[in-house]
Amino acid sequence: MFRLTLLLAYVACVYGGGAPYGADRGKCRGNDYEKDGLCCTSCPPGSYASRLCGPGSDTVCSPCKNETFTASTNHAPACVSCRGRCTGHLSESQSCDKTRDRVCDCSAGNYCLLKGQEGCRICAPKTKCPAGYGVSGHTRTGDVLCTKCPRYTYSDAVSSTETCTSSFNYISVEFNLYPVNDTSCTTTAGPNEVVKTSEFSVTLNHTDCDPVFHTEYYGTSGSEGAGGFFTGMDRYQNTTKMCTLNIEIRCVEGDAVRTIPRTSDGVGVLSHSETITVIGGCLSDVNVDIEYSDSNHPEEVDDFVEYHWGTRLRLFPSPKRCRLVS
């Protein structure tokens, strides 16, 4: 027990290190402090002066206890209490130890209402932009600014981070053909969409298109035929993918292959591509009109592309649903 007491006393003296010396015109060296005309050793960070110096004895320093600290050299009579635990919308960004205070910052999804000397004292949840709006910036305090998504953009998430991205949620594919005779047709829905008559078939193959095709029609007037494929409006296109449509118009007779040229390029801001192919020689005139649009902005002009070969056709017969083939 006697040896332990001596050891503790030695450790305390080591913190102080050295004996007081006289101040030079009231000034001490380095970080030493002046007391009663004597210069004494300051305690290092992480400790405090459990006993100040006196004639013949230097400062006695003791380590800070848990949840207390001193960040610099000092001769304070006690360590400073660390800030309380980070709770609520706060999360700990710096832990409390003997040389530094605890620092709290806002947890994810929150912004700072009241800053402290370090970190934040009070945080609040960031505003969440509703569907159809995106994050456009931040206030001076860090809250979210929401702006209605402009033309050809959308955000379908309720979020404090999502921005408006170029997208569409509706695709319509309409075709006009000449000459045709058969007024009856069948369709097949699934991975590919097909309209079929006794003279030809129109097959729509689609890759990486999120809007789902589920409606089709076909009708005739005289020797002209018209049909179409349409998606629902409940799914937006993922803008990291390219929606690709490959439309094959195949005559029952003939095997000559023609690629129909694009005659209208649209606005060119949405992620899509198309290929229109005619196989066989039963048709002299082909028009394919494809529209990509956002149903939440019906007042805006759609992204419209046109493919044409032969005479331009503008037939719009009364839609006729085809008989479904499973």
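Glycine too: its Cβ is placed from the backbone N, Cα and C atoms.
According to Swiss-Prot:
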- CYS28-CYS39: disulfide bond (DISULFID)
- CYS40-CYS53: disulfide bond (DISULFID)
- CYS43-CYS61: disulfide bond (DISULFID)
- CYS64-CYS79: disulfide bond (DISULFID)
- CYS82-CYS96: disulfide bond (DISULFID)
- CYS86-CYS104: disulfide bond (DISULFID)
- CYS106-CYS120: disulfide bond (DISULFID)
- CYS123-CYS146: disulfide bond (DISULFID)
- CYS129-CYS149: disulfide bond (DISULFID)
- CYS164-CYS185: disulfide bond (DISULFID)
- ASN66: N-linked glycosylation site (CARBOHYD)
- ASN181: N-linked glycosylation site (CARBOHYD)
- ASN205: N-linked glycosylation site (CARBOHYD)
- ASN238: N-linked glycosylation site (CARBOHYD)
- 27-62: repeat 'TNFR-Cys 1' (REPEAT)
- 63-104: repeat 'TNFR-Cys 2' (REPEAT)
- 105-147: repeat 'TNFR-Cys 3' (REPEAT)
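Within its own chain, the repeat 'TNFR-Cys 2' (63-104) is flanked in space by residues 31, 33, 35, 40, 42-49, 52, 110, 116, 118-121, 123-125, which lie at least six positions past its ends and keep a Cβ under 8 Å from the stretch.
When other Cβ atoms within 10 Å of the Cβ of CYS43 (disulfide bond) are tallied across all protein chains shown, the result is 27. ASN66 (N-linked glycosylation site) counts 9 other C-beta atoms within 10 Å of its own C-beta, drawing on all protein chains shown.
Here CYS82 (disulfide bond) is positioned 11 angstrom away from CYS104 (disulfide bond), judged by their C-alpha atoms. Comparing Cα positions, CYS146 (disulfide bond) lies closest to ASN238 out of the recorded positions CYS53, CYS79, CYS86, ASN238. Non-local contacts of CYS39 (disulfide bond) by the CB criterion (under 8 A, 6+ apart in sequence, same chain) comprise PRO20, TYR21, GLY22, ALA23, CYS28, ARG29, ASP32, TYR33.
Cα to Cα, CYS185 (disulfide bond) and CYS129 (disulfide bond) are separated by 47 Å. Put simply, CYS106 is the one of the disulfide-bonded residues CYS82, CYS96, CYS106 whose Cα lies nearest to the Cα of CYS164 (disulfide bond). In this structure the C-alpha atoms belonging to CYS106 (disulfide bond) and CYS64 (disulfide bond) are separated by 28 Å. When the recorded positions CYS64, ASN66, ASN181 are compared by Cα distance to ASN238 (N-linked glycosylation site), the shortest distance belongs to ASN181.
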